[in-house]
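Here the structure comes first, spelled out in structure tokens, and everything after it is commentary.
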Amino acid sequence: MSDRAEMRGPAARRRRTTIGNAVKQANGSKWHDHGEKPPRCPAKAKTDEALRAASNNGDLGSRMSGQQHANAPRGQKSAAEDIHDRLSCHVLQESLLSSASGYSNYRGILNWCVVMLVLSNARLFLENIIKYGILVDPIQVVSLFLKDPYSWPAACLIIVSNVFVLAALYIERRLAVGTISETTGRILHVFNLASLLIFPSAAVLTVPSVTPVGGVISLGIYTVLFLKLYSYQETNKWCREIRQAKAKRLTRSYSCPSVAQSNGSMGHTHVSYPGNLTHRDVYYFIFAPTLCYQLNFPRSPRIRKRFLLRRLFEMLFFMQLLVGLIQQWMVPTIQNSMKPFQEMNFSRMVERLLKLAVPNHLIWLIFFYWFFHSSMNFVAELLQFGDREFYKDWWNSETVTYFWANWNIPVHKWCLRHFYKPMLKKGINRRLAQTAVFLVSAFFHEYLVSVPLRMFRLWAFMGMMAQVPLAWFVSRFLNGNYGNAAVWISLIIGQPVAVLMYVHDYYVLHYGGST
């Protein structure tokens with residue numbers, strides 16, 4: 001039988017091909033549904049019986065391919081494999097754009113979105129240049145800081161901040177040796193921290209030569225110092241509590257928990273309390289890109305010069321890009337938005353808001369990269385600071401709370417360590433504690449905007465507090481990509497609304513309503 005099949009190999013293959021074509025052309029579902037057999041040609045009956053016998057004994061394709069594999073030349077399919085491929089051209093599968101398909105490689109669509117974004121923004125930027133000309137002026141930026149060429153009030157404010165840093169250090173030294181009580185030290189720290197917020201705001205409000213930009217920078221530095229010094233005194237207080245708990249054990253030194261695990265480099269010696277109360281230690285913490293103090297920070301083994309130069313180049317380039325975009329794109333759009341706001345023309349207001357949303361959001365994204373990646377990595381590399389987690393994947397946020405917890409890791413760690421967890425330990429409800437965190441954040445946002453502008457409108461405060469119901473709504477009713485889209489919409493639309501509100505009120509207050 002096998003010898004005869006080999007002798008009739010070409011003829012049999014031609015018959016089987018004809019059978020395969022006939023089966024594909026016929027309405028197979030009709031015969032299959034009624035349980036009837038399709039009519040066959042008598043001349044092809046033997047071939048059909050051979051195929052059916054092979055099919056009943058096992059897989060047709062694998063059986064035929066096993067018989068003819070030795071005779072078939074390499075690179076060519078056997079006749080059985082060819083017939084099997086023609087008979088079964090459909091499999092159970094989902095469309096690629098369906099969520100059930102499990103397909104996730106949308107790189108081409110992402111590239112298309114980037115190309116479309118670049119082209120649309122290029123058109124807007126070209127339209128801006130044709131309409132307004134070149135407005136970029138680096139000299140104008142310097143004048144924002146120096147309204148009076150013989151007085152540098154913002155720089156003087158920043159230099160004076162060293163007084164508060166040294167005051168915190170000396171209070172901790174007195175507490176370490178026991179010359180003042182814990183109650184007295186607590187009162188002195190409260191006074192020092194309160195002065196960190198009151199003194200610079202009073203100076204900005206009373207000194208006319210302090211510009212809004214200089215005021216924002218100086219108040220921002222004082223706010224960072226407030227958060228750092230609060231963490232500094234809290235951590236040292238925990239160390240004193242540990243030392244008091246171990247007072248009966250005669251050891252050479254005592255330190256906070258997890259000191260041995262916190263330092264990743266063997267080139268730096270461990271510091272234990274109260275050996276950390278030095279000028280070198282406190283100023284390292286002041287310049288380190290973190291808000292949470294600990295006695296021994298993780299340290300990198302060396303300074304990577306090429307990495308440092310790349311971050312420095314990015315800092316300089318993106319700073320110039322930010323200034324140019326603000327002058328060329330933001331300022332004309334804001335100026336043209338004042339008249340619709342004064343006339344309360346809602347359609348024009350919405351049009352101006354959407355027009356401002358694109359450059360505002362682009363500037364915000366560039367600022368994020370400039371500050372949280374380039375600048376903070378530059379400082380960390382210079383100080384060999386090992387913890388480089390300054391942000392996480394906030395762009396994948398599906399809830400509002402996930403965004404606020406991951407886009408600014410230093411602030412999130414401070415809130416978690418010194419505010420949120422202590423409230424939970426006192427028995428406060430978790431949702432109430434989250435609301436309290438947003439309340440503190442709203443206060444500092446308003447503090448950094450209203451004081452330099454010398455007006456109090458609470459737009460930033462209300463914008464931050466609006467995140468609480470928004471976070472509840474998104475987490476309750478939106479999931480996955482819909483939640484991520486809601487987060488992006490809140491970022492793209494919410495910020496320009498606050499910007500227009502403040503700029504409009506500032507122009508009305510200082511220029512009598514004329515734009």
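Keep in mind that glycine also has a Cβ here, set from the backbone N, Cα and C atoms.
Feature list (source: TrEMBL):
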{"type": "REGION", "residues": "1-79", "note": "region 'Disordered'"}
{"type": "COMPBIAS", "residues": "18-28", "note": "compositional bias 'Polar residues'"}
{"type": "COMPBIAS", "residues": "30-51", "note": "compositional bias 'Basic and acidic residues'"}
{"type": "COMPBIAS", "residues": "54-70", "note": "compositional bias 'Polar residues'"}
{"type": "TRANSMEM", "residues": "109-130", "note": "transmembrane segment"}
{"type": "TRANSMEM", "residues": "150-171", "note": "transmembrane segment"}
{"type": "TRANSMEM", "residues": "187-207", "note": "transmembrane segment"}
{"type": "TRANSMEM", "residues": "213-230", "note": "transmembrane segment"}
{"type": "TRANSMEM", "residues": "312-331", "note": "transmembrane segment"}
{"type": "TRANSMEM", "residues": "353-372", "note": "transmembrane segment"}
{"type": "TRANSMEM", "residues": "432-450", "note": "transmembrane segment"}
{"type": "ACT_SITE", "residues": "His445", "note": "active site"}
{"type": "TRANSMEM", "residues": "456-474", "note": "transmembrane segment"}
{"type": "TRANSMEM", "residues": "486-504", "note": "transmembrane segment"}
Short question: most Cβ pairs under 8 Å with the transmembrane segment (109-130), which of 213-230, 353-372, 432-450?
353-372
Between the transmembrane segment (187-207) and the transmembrane segment (353-372), are there three or more CB pairs that fall under 8 A, provided the residues in each pair are separated by 6 or more in sequence?
no
Compare 187-207, 213-230, 312-331, 486-504 by their Cβ pairs under 8 Å to the transmembrane segment (432-450) and return the stretch that comes out on top.
213-230
Below 8 angstroms Cβ to Cβ, which residues of this chain, lying six or more residues outside the transmembrane segment (213-230), approach it?
144-145, 153-154, 157-158, 161, 164-165, 168, 189, 192-193, 196-197, 199-201, 204, 285-286, 291, 293, 411, 414, 418, 444, 447-449, 451-453
Take the Cβ of His445 (active site) and count every other Cβ within 10 Å, whichever protein chain it belongs to.
17
Any residues 6+ beyond the ends of the transmembrane segment (312-331) with a Cβ under 8 Å from its own?
125, 128-129, 132, 134-138, 140-141, 356, 359-360, 362-363, 366-367, 369-370, 373-375, 378
